[in-house]
Structure formats: C-alpha cells, structure tokens
Amino acid sequence: MKLAVIPGDGIGVEVTAEALKVLGKLVPDLETTEYDLGARRYNATGELLPADELDQIRQHDAILLGAIGDPRIVAPGILERGLLLNMRFQLDHHVNLRPAQLYPGALSPLAAQPEIDFVVVREGTEGPYTGNGGAIRVGTDHEIATEVSINTWFGAERVVRYAFALAQTRSKHLTLIHKTNVLSNAGAIWTRAIETVGAEYPDVETAYCHIDAATIYMVTDPSRFDVIVTDNLFGDIITDLAGAVTGGIGLAASGNIDASGTNPSMFEPVHGSAPDIAGKGIADPTAAILSAALLLRHLGREDDAARVEAVVAADLATRGEGPISTTEIGDRITAAL
C-alpha cells in the first residue's frame, strides 16, 4: 500500500502519527511519503499546492491528512480555498463520506438514544462551493453579491449511485435530504437521480426529508436515518450536527472520495489543527484512527477496518474521564489489534 501522508499543522502532526501506528500494525507492506503542506509551508514559502507535488500525490493508493491551518500565521480562507478545496477539485473528490456513530462512553447529549449509526454521503465538488459568483458596487449602499449553486445531472447521479451502493451493504435504507419545495430546479435533478438509480436497487427503501426537518429528526429521532445523501451545502451543515450528536467532531472521521478510482481518495479527522494545544500531547487521535479505518475499508480491507473500529469502541468504553495522552491512546489501540 502506497500512502501519501499530509500531517499538516498543529495537532494534525500528532494525531496522524498515531493513525500511522495503527496502519503499520495492519499493513506490513505500507509505504509512506510525507508532504509538507499547510500553514507552516505557506508562511515560509508562499506555496499552497505545487503542481509537481500534486502529481506525486496522484501516484499513491490513498492520502492520509491530519489537519490544516493556523490562524496565527495564515488568514482564514487562504488554505481552505487554495489547498483543501483545490485538492478536492483537482482529485475529483466528489463524495464526502461522514459516518456518525455513537460509541460507548462518548459524551453526547443524546447518550440515552438506543442507537445512533448512520452515514452521510455529501456531494463534494458542486453546489455553491464552485466559486461561481461575484460582487458589484462593493462598499456602497447598492452592493450586490451572488453565489451560484451549480447542480449537474452527472454530479448528482454519481453521488446518488455511491449512496445506493453503500445502502445495499447496510440496512437498505436511503434518505435524500434537500429543500426541493423551494430549490425546485436543483431539487428536480436530485429527485430524478434517486428515482433513476433507485430502479436498479429495488430492495433499498428510499425516503425524503427537507433539510430543516432533518435537523430536528437528527436530534429527536436519529435512528430513522441509515444512509443520507445530500448536496454540498446541506451536507456541510448536517455533518457537523451529526458529529455533535455522536460525541463531538473530535471523534468524527471523514473520507473525500473519488468513487471512480481514478485518483487517490483522502481520509482525515474532521477536527481542526487546534494550535493552542499543539505539542502538549493531549489531542485525542481517535478521529484520525477511525479515518484510517475508513481508508482501509475503501481499499478493500474490510476485516482490518472492522477490527480497528471494534478496538476503538472497546477503548472508548473503558477510557474514563481521567487525562490520557495522545501517544497512550495510539499505543493502546495498536496493541489491542
């Protein structure tokens, strides 16, 4: 397995090291190449994503990312657009995969729920994040700004197809979340994609939920969801809520996936770089380790992925409230494998 590693900034470096321990234990032929991308690199050289390094990254089987950003040295927005979004578009990471599972011992406002275990499949390369828009008369009382949301049949259909295939392996239930009663043009594409692809999956039950209602149900009745498919903007919102109800984004893993397999997919914890605690050895690497499990599953190593998730669940259940270091968590999980 050839793995491109981007530790990034802050605690990204620390949690990535623990995820690599886990991968090294399970993958004897693991080959890693580290790429120094992020706030430190940009602050020192002005480089965000050099073309030659992106070409090198393309040659790997997958990418493991830590966390990017440090507002103390790089203004917000520069790295998000110039590095993260740029990489997403360049590598056609059209599926953003966000599992949401409430593990034993996780602190959640919904801890009394019998079970929370669903997955959000978010479209990753369209919607209002394509940079299609602009502003005129800036700074005047007549300023006008537009952000155009791009929705294509090609983009929606391939993400919906991925979601149906995933639902087939789980509880065979798929929910489309959108706002079709107001966003009728984009909504029509997504609805037609569900109907068209759904005809190929007759045993997968489908449902529809408006985005505003979905935020209520995710808090009051999360067990109604198994696989959720949605567009880029709604997915951005709903996945953070999913993280909150399952113990916080500190436990949330994610995958940015090119479902065609043409480009390597990237896996990362959802949390940020937290420069205020970097170097203190107190960052929780659980999300990075669960992201490594997603990476293993994506590359066809289902048994290894399931082992990691089971060990993480057992570790969380016995962790308690006392302080525990980043490396200790990584060592315990690695040893238990």
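Placed from the backbone N, Cα and C atoms, the Cβ positions cover glycine too.
Features as listed in Swiss-Prot:
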BINDING   Arg88, Arg98, Arg122, Asp212  substrate binding site
BINDING   Asp212, Asp236, Asp240  Mg(2+) binding site
BINDING   Gly272, Ser273, Ala274, Pro275, Asp276, Ile277, Ala278, Gly279, Lys280, Gly281, Ile282, Ala283, Asp284  NAD(+) binding site
SITE      Tyr129  site 'Important for catalysis'
SITE      Lys179  site 'Important for catalysis'
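Cα distances from Tyr129 (site 'Important for catalysis') to the binding-site residues Arg98, Asp276, Lys280, Asp284 are smallest for Arg98. The separation of Lys179 (site 'Important for catalysis') from Asp212 (substrate binding site), Cα to Cα, is 8 Å. Of all the binding-site residues listed (Arg88, Arg98, Lys280), Arg98 sits in the most crowded Cβ setting, with the most other Cβ atoms within 10 Å. Long-range C-beta contacts of Ile282 (NAD(+) binding site), restricted to its own chain and to partners at least six residues apart, with a cutoff below 8 Å, comprise Pro323, Ser325, Thr326.
Closest by Cα distance to Ala278 (NAD(+) binding site), from the recorded positions Arg98, Arg122, Lys179, Asp240, is Asp240. For Asp236 (Mg(2+) binding site) paired with Arg88 (substrate binding site), the C-alpha to C-alpha distance reads 14 Å. Spatially close to Gly272 (NAD(+) binding site) yet at least six residues away along the chain are Gly10, Ala67, Gly69, judged by Cβ distances under 8 angstroms. The binding-site residues under consideration are Asp212, Asp236, Asp240, Asp284. Their Cβ neighbour counts within 10 Å are lowest for Asp212. When Cα-Cα distances from Asp240 (Mg(2+) binding site) are compared across the binding-site residues Arg98, Lys280, Asp284, the shortest belongs to Arg98. Of all the recorded positions listed (Tyr129, Lys179, Ala274, Asp276), Asp276 has the fewest other CB atoms within 10 A of its CB.
For the binding-site residues given as Arg122, Ala278, the lowest number of other CB atoms within 10 Å of the residue's CB is seen at Ala278.
Pairwise Cα distances among Gly272, Ser273, Ala274, Pro275, Asp276, Ile277, Ala278, Gly279, Lys280, Gly281, Ile282, Ala283, Asp284, the recorded NAD(+)-binding residues, top out at 16 Å. Between the CA atoms of Arg122 (substrate binding site) and Lys179 (site 'Important for catalysis') there is a gap of 15 Å, rounded to the nearest whole number.
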